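These notes are about the structure you will find just below.
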């Protein structure tokens, strides 16, 4: 009878299935984002005519949802299959992608802090481009309306920024009923009204600026966001730390599992 001495190296089932559980959440979330994005595009008829996306000069929020969904779906799938099949290539891809995203987030945060004026100019330019396309896409319209209502603001720097939009422009050539007005989301809400008055911003900017205070928000959204950030710095920092810890935890699980697999193969 022969006796063989086996190495004690083995793949930890604990780390293996913990990493699988970690990634299945990402994968399911990615599926949900993709489903929501494709449904929104089908409702807008984009799936039958992709030029509707390329023709939009502002941001289509659905594109952002789809990009996030694709990234989460891909990473979740790679992590799940890599953990179950003990595939080092997929695990290294997952780990490397998470490390890259983590470093990218860190770099963006540091650069945004160091170059605040440049970031402010880019945000202003981005917001103005989206104002121009306000009526071109319903999702973009809802996004801007939500931003203005939540932050009690109007336009990028102020209500006059709505001159950038052809429908709200005060020029004599404009035939729009919304000419020289602002969207309803710029209006100061009346607690007595239970139904939203979507025409409350009509002709507001034809009046003198001293009369605007009673009807619309006069603070620009960039200033409103700059004022919001210091008041909620702990919430922002907490969210960033929580996301970073989740990413570091995923990197730790993947690296540990890779080390176990390599030790067994050795």
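Using N, Cα and C of the backbone, Cβ positions are placed for all residues, glycine too.
The disulfide bond annotation in TrEMBL covers 153-186, 154-170. What TrEMBL lists as transmembrane segment is 20-42, 62-84, 91-115, 233-258.
Between residue 154 (disulfide bond) and residue 186 (disulfide bond), the C-alpha separation comes to 5 Å. Distance from the CA of residue 153 (disulfide bond) to the CA of residue 170 (disulfide bond) is 20 Å. In sequence order, 148, 153, 154, 155, 159, 162, 201, 204, 216, 217 make up the list of same-chain residues 6 or more apart from residue 186 (disulfide bond) whose Cβ falls under 8 Å from its Cβ.
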